[in-house]
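Undergrad: As annotated in Swiss-Prot:
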| type | residues | note |
| --- | --- | --- |
| BINDING | 38, 43, 46, 75 | [2Fe-2S] cluster binding site |
| DOMAIN | 4-87 | domain '2Fe-2S ferredoxin-type' |
């Protein structure tokens, strides 16, 4: 399995990602806690900024209304290679 690096700019932390779980769960397992509610892309509470890289969604498209360009929903996405985020 190929690994990716998740860099979190505002807390100066890097995480090695080698699994098939969501970005939100990876962050939680590394003691980085985000606000969330639905874990399925409907509420939009967990949204964070994607500074660099790409993610893919496990659902067709998050349902949360009016998300901005470069905002992602870690509850229902996974990194496509290395990413840089701001939480």
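Heads up, the Cβ atoms here are built off N, Cα and C, so glycines get one too.
I'd like these features described in context: how deep, what's nearby, how far apart.
TA: Within the same chain, residues at least six positions away from residue 75 ([2Fe-2S] cluster binding site) with a Cβ under 8 Å of its Cβ are 22, 23, 24, 36, 38, 39, 40, 41, 46. DSSP assigns residue 75 ([2Fe-2S] cluster binding site) to a helix.
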Undergrad: Do you know the DSSP helix, strand and coil residue counts for the domain '2Fe-2S ferredoxin-type' (4-87)?
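TA: For the domain '2Fe-2S ferredoxin-type' (4-87), the helix, strand and coil counts are 13 helix, 32 strand, 39 coil.
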Undergrad: Other Cβ atoms within 10 Å is the metric here; tell me which of the binding-site residues 38, 43, 46 scores highest.
TA: 46
Undergrad: Mind looking up the mean pLDDT for the domain '2Fe-2S ferredoxin-type' (4-87) in the predicted model?
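TA: A mean pLDDT of 91 is what the predicted model shows over the domain '2Fe-2S ferredoxin-type' (4-87).
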